[in-house]
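*Asks:* According to TrEMBL:
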REGION    27-79  region 'Disordered'
COMPBIAS  30-39  compositional bias 'Basic residues'
COMPBIAS  40-59  compositional bias 'Low complexity'
BINDING   THR131, ASP205, GLU230, LYS260, ASP264  substrate binding site
DOMAIN    265-426  domain 'S-adenosyl-L-homocysteine hydrolase NAD binding'
BINDING   GLY296, GLU297, VAL298, GLY299, LYS300, GLY301, GLU317, ASN420  NAD(+) binding site
Amino acid sequence: RRLSNMKWCHNGASLYQIQFADQKQEFNKRPTKIGRRSLSRSISQSSTDSYSSAASYTDSSDDETSPRDKQQKNSKGSSDFCIKNIKQTDFGRREIEIAEQEMPALMALRKRAQGEKPLAGAKVVGCTHITAQTAVLIETLTALGAQCRWAACNIYSTQNEVAAALAERGLSVFAWKGESEDDFWWCIDRCVNLEGWQPKMILDDGGDLTHWIYKKYPNMFKKIKGIVEESVTGVHRLYQLSKAGKLCVPAMNVNDSVTKQKFDNLYCCRESILDGLKRTTDVMFGGKQAVVCGYGEVGKGCSAALKAMGAIVYVTEIDPICALQACMDGFRLVKLSEVIRQVDIVITCTGNKNVVVRENLDRMKNGCIVCNMGHSNTEIDVASLRTPELTWERVRSQVDHVIWPDGKRIVLLAEGRLLNLSCSTVPTFVLSITATTQALALIELYNAPEGRYKQDVYLLPKKMGNMHEYIFLGHFLDEYLSEEQAKYLGLNKNGPFKPNYYR
């Protein structure tokens, strides 16, 4: 009887349709925070390209007072920090301890090198996501002798309790979840502008910190010994400075290191794409049709995950090598216009802009899920959807219905920002690999003799990468090559075993 009373709807292209709660709230009526007088934001937009709504113990705080208006001290009496609430330190410490269990490479590096203190005297200024995982990195750098001051590279990704735990340990942290644009630049400036404190090393994610020092404090920038950058956007900006002859500091490109590309970009996205989609939409993947735009390492991970869950996966690609790889991996190579009317899920992973434009969005089927796994929010033309004829409905955090006049709606996730950091989390184990690479890059640049690195952008030396793998997998690896084997291959018996051009 219940079945007979149910009304079934069918749009002709999908076996079933996801229905969402009707919590109407027009996009243009959403409350916005009234920030302080904004500093110039012309340098970059990367801080808002992605953000995290991952579960945080203190997300729902009743205290709306800006941290800038609070006077806080840790148990030792220090007030050289600005965070949401220092009283949350116990919760943050527990989260950091959990993360340490899943970051064996970084913990092994800490244990191996803390006696030697390879970063002794290094004043490191950092701008990354402030999460339990990056806290393990920051505390490792401190254990290796560095003095650290830290800000967040993103206004939404900070875990407030983790920031509190770092501040309690005496680290100068300037970050909280939900910063305004003005807060963002204020935190970076507080991190950098301390009388008598000249940073020697920069650890950046997105390039905002680097460009802030370059623009605002040129004399300070000239005294920097090295920069380590982990994001594609930040690396791109470093190469622009280098090409223009304005980079007066050696920089290490971590983003294009083998350990970052082969692990973080591929395996991290292979797991987190499913996590992000499940948390936001509860979608079942089996039988769904999905198109993945881009078949780089991120696209490979996303496509493999969806295929393994029973989805029918199409791939769009402009690079002939990546396109051929997609074919060899069993995916159908298509043009987006060929499948846009029939697919249930659209995922962008190119790192480019305007990959999915208004014309594509207009042609999508009712209920199509649209999301981005690339670095920034430029891949989906979300601005074209903010027009009077379209209605926005907030379904839940990071999930919006965009409704056309005829009633058709798409499900837009994180307003086109990075899905995994916006709507879920990323695997701690993978972050251990990236964080260890960053730490090794800092050690290499800081201890390099004069003249080894010029004012340019470099990849992490292969020998340092191999050190990472031995720290990480030493007890699993086979014995070293014999002298005869090494001579036959023309290699050092202790490695590295891949040429510098290997990617």
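For all residues, glycine too, the Cβ spot is worked out from N, Cα and C.
Worth saying up front: this structure is predicted, and the values here are computed from it rather than measured.
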*Asks:* Could you tell me the C-alpha distance between ASP264 (substrate binding site) and VAL298 (NAD(+) binding site) in angstrom, no decimals?
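*Replies:* Counting only the Cα atoms, the answer is 9 Å.
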*Asks:* Round to the nearest Å and give the CA-to-CA distance linking ASP205 (substrate binding site) with ASN420 (NAD(+) binding site).
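*Replies:* Distance between the two Cα atoms comes out at 16 Å.
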*Asks:* With the cut-off set at 10 Å between Cβ atoms, which of these binding-site residues ends up with the most neighbours? Options: GLY296, GLY299, GLY301.
*Replies:* GLY299
*Asks:* If you draw a 10 Å sphere around the Cβ of ASP264 (substrate binding site), how many other Cβ atoms fall inside it, taking every protein chain shown into account?
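*Replies:* Here the count is 26.
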*Asks:* Provide, as an integer number of angstrom, the distance between the C-alpha atoms of GLY299 (NAD(+) binding site) and LYS260 (substrate binding site).
*Replies:* 15
